[in-house]
Amino acid sequence: MKFCVAVSLLIIASMAGVISVSGYDVYPRDYAENYYYCGVRKDPDCSKICKLHGARVGYCHVKRCSCVDLPEKNQNFLSVIWKHC
């Protein structure tokens, strides 16, 4: 019974974006360490932002751009720029 509750909480937390499971639902950050927000007035194209960070694809999740298979080292914008210099 306790195991089922623990697994259920883990699934809910991963779906809500509280924790990251195997690189899924990772939020990229801009040069000022802020998240890319979406779902308000001017929506950034999350897929383009995530591809700039080296992820496969991106989407809007809980008003923040979320990337699929985003490498941890590319989560910050400046680390991506530094790699290309």
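If you go along the chain as it appears here, the first residue is 1 and each next one adds 1.
Placed from the backbone N, Cα and C atoms, the Cβ positions cover glycine too.
When the candidates C50, C60 are compared with Swiss-Prot, only one is recorded as disulfide-bonded to C38, and it is C60. Looking up C50 in Swiss-Prot gives a disulphide bond to a cysteine among C67, C85, identified as C67.
Of the disulfide-bonded residues C38, C46, C67, C67 has the largest number of other Cβ atoms within 10 Å of its own Cβ.
Per-residue confidence over the domain 'LCN-type CS-alpha/beta' (24-85) averages 78 (mean pLDDT, predicted model).
Comparing CA positions across the disulfide-bonded residues C38, C60, C65, the one lying closest to C50 (disulfide bond) turns out to be C65.
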